[in-house]
């Protein structure tokens, strides 16, 4: 077969990839195809950050499934004019890597007080002394982190409190609810001082812009709203999603807003232009949560049995985590120590090394005494300001606090085995 014939095959692979909506933009091909297009079709590795099918320096690799062997068999490989590694060389290097060891996590405290599911948790990361929770019981409760004792209960919503956001620059907290309202709370007076009206249905998510005095909300009406905190006016409405929006996150630079939705997409928004600058369509089901890395310019997203990380600002796929057995993933959180936590509907707590994608610990939570086993789902999570404590809100109406075992070592507590796959790990 001539090189020209191989390039025709390459064009066909990318035509199929586009048809299957694996990539939104194909004017610049990705450096490595992260997912197999078809088990019986080749995967292209292109040299450099961008390539076109006219470049001759590429490798054709065929994924073959043999009994007991999931491997990569090199069918054809052209010389790489740039001296880049082949797919096989990259895979071998990945196999030889040793992922970072992390100490295992264990339960240290169970906090009772809510009379409904704990839907959301927000941490005060300025002083790192208290946190707030919202529940199906329509209340917001503020707790002392060190003692676990209740400080105050806030009542103003008429329905479930779905999300909370605490300002790092002002003594304000924002809450959103199924009652269609957005409320601003004065934390010095513990009272609601502003209401923001404009959503047509339940509001599911809220976040505060880190540098501009605006708050961003979204929910069942499928639009993202940007509000001026002081005037209470919606300065911008961003349509685009085809279903209810599950989460919004704000960043100080573009994309200044990231949103996820029931329509299985993630949108990166340009607030200056007032439109989405990129749409990520790799997930196949409802994207239930997104979490921004505290120090790396990237974020993670989660849907049922699927966790992925993305490089910002353009939204390139970084890692497809091995998460096919995690059931419905409701929440993900990342700390500054590169630990990614995922909490599932079935009560599973799963911990990954964020950089390598290594799943190093997984176990089930324990429901509160008197609660049925079905009430052990994990709905919300956050790390404290140090990243050393993990807080989870659960369906048994409790908040649980988890810590790493300070006495553990790599010899006494080895992590789960490292079994990387070329099509799922960051290269």
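Using the three backbone atoms N, Cα and C, a Cβ is placed for every residue, glycine included.
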Of 380-403, 404-427, the range Swiss-Prot labels region 'Disordered'
404-427
Recorded stretch that, among 198-237, 240-281, 324-362, 373-412, has the most CB pairs under 8 Å to the repeat 'WD 1' (113-153):
373-412
State the residues, same chain only, that lie 6 or more residues beyond the ends of the repeat 'WD 7' (373-412) and have a CB under 8 A from a CB inside it; answer 'none' if no residue qualifies.
101-126, 128, 131, 133, 135, 143, 145, 148, 294, 330-337, 339, 341, 343-349, 364-367
Long-range CB partners for the repeat 'WD 3' (198-237) (under 8 A, at least six residues beyond its ends), listed in sequence order, are 159, 162-168, 170, 172, 174-182, 184, 243-252, 256-257, 259, 261, 269, 271, 274
